[in-house]
Amino acid sequence: MAETKKETLAEKVKRLSRGLRGSLVDSLKDEHTGSLRSDDQLLLKFHGMYQQDDRDRRDERALKKLERLYSFMIRLRIPGGMIGPVHWEALHNVAGENSTGTIKITTRQTVQLHGILKSKIKPTIKAFDSVFLDSIAACGDVNRNVTCTSNPAASPLHKEVFGYAGEISRSLLPKTRAYYEIWLDENLLAEKEEPEDPLYKDVYLPRKFKIAIAIPPYNDVDLFTNDIGLIAIIENGQLLGFNVAVGGGLGTTHGNPDTYPRVGTVFGFIPKKDILRVVYEIVTVQRDFGNREDRKLSRLKYTLDRLGVEFYKREVEKRAGISFESAKDFQFTTRSDDFGWKQDAAGNWHYTVFVENGRVCDEHGYNLKTALLEVSKTRRATFRFTCNQNLILSDIFPKDKDLIESILVKFGVHRKTAEVSPIRKNSIACVALNTCSLALAEAQRYLPSLIDKIEPILSKHGLSEEPISIRMTGCPNGCARPYISEIGLVGTSYGKYNLHVGADAEGYRLNKKYKEDLDESAILQELDGLFGKFSKDRKGKESFGDYINRIGILK
């Protein structure tokens, strides 16, 4: 007799959720706690939210015999990362009224707000809905925010390629009306049974799913770290279609050798008319073959390695009724954002603003949040988020450029963006403490001060202008993509990090773990030694990551 597979709690909760409804309505009404019921916390993710608490105050509240200071993070779904000035103004106002006040630009080209109390969730969602923004499927075991090369100046065909981010996002949205019923008070027709979701059915995906689109030579989306990466193939000024990479993903678990980061495998080329169907069926294969018994091994990368690339590829071809063509030539040359003013083929202007670790706020005399509000009130610029946690003020007509420039100069944004060091411009950090429940160490609250101490070391070795990428996470889940940066710092315990080095600058190659459990002084000592060797022994314009990979110090 075949062995019956045990259903995990997560799978059971999804299956019995009645289309992601669960008991969320009752949980929200319970005024005796700032928390939701445990099952509802899982379902909440599918609505674009996480329950969190202030970890800085856990001990204090425990001594007073109070429950943890619970709050919620809301993440918006913004395919391709573009919103208008009206959206930004609404976001600014909601952040100030209902959250900590800081707008966090994420590594997946959207924004999230933290510190929202349970009673403020519905007002926040309704405020976003009033300007046609939502958080549907921004988290959970579904397709997440679809990312795309951010700067319109990257290609005359950017608008066409960007459009696919929205089309793919819409095609992979859950069909349930639960979001509208629970948060926006849409009337439920009790006598009408909701049809089964043809894509997600009643169990959704085994785990999160991420899709990115890149326009070579720009790889600002870190394409090969996604479950699906679409590489735009442009010839003679025409978009032909996409090379399709499958199976990227970075999350690992400390001490579990069965988990690992992986870059995507290029399956081949698909003409643009067929790309939506192929993407859809790549998702259905993962839905049907992905591991639902162990969430640590449930991402597509593990499914691909377990089944084999050829099996997975043939299954997609069979379901889509399409064969992959041979991959077409392409080349990535950079992952960095192109800061400052850039003009596109149509003559419009775009200004990339440096936003350290994606934190838009007014602090330490630098009023970035106020500056961006003033820009939004002109109604002369759109707002585009980058996967490097920066912001592009875009689609500015030539006649309006001086107006936007004057605001950037007035608030010091122009100066800040111009003066920041290359390594700081190429830094990324996840939220980590004090709100992320998975964090073992600091990230966004610590990386800026660590870079303060790294910059003099670079200067000592004549490397101040070297655009070395550095990324930090508070745990091994990889949200800031530390496993594919030239320097990756992965938290192991408070104040301690694993040091990873050796990825290339363009995003093709993973780094490797070099040293474990380093404190700050040890990190600086190790980097001092590596920078010294690099400065003396590099070949030509060889990048730091390529140098480390070449000299053979990594096992």
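Each residue, glycine too, has its Cβ placed from N, Cα and C.
Just so you know, the Cβ of C436 ([4Fe-4S] cluster binding site) picks up 22 other Cβ atoms within 10 Å once every protein chain is counted. The [4Fe-4S] cluster binding site annotation in Swiss-Prot covers C430, C436, C475, C479, and the record cites sequence analysis as its basis.
Per Swiss-Prot, the feature siroheme binding site maps to C479. DSSP assigns C479 ([4Fe-4S] cluster binding site) to coil in the three-state reduction, outside any helix or strand. For C479 ([4Fe-4S] cluster binding site), applying a Cβ distance below 8 Å and a minimum sequence separation of six or more within one chain yields T107, C430, V431, T473.
Within its own chain, C475 ([4Fe-4S] cluster binding site) has A432, C436, L438, A439, L440, A441, V490, G491 as residues 6 or more apart in sequence whose C-beta sits under 8 angstroms from its own. When secondary structure is read from DSSP and collapsed to three states, C430 ([4Fe-4S] cluster binding site) falls in the coil class.
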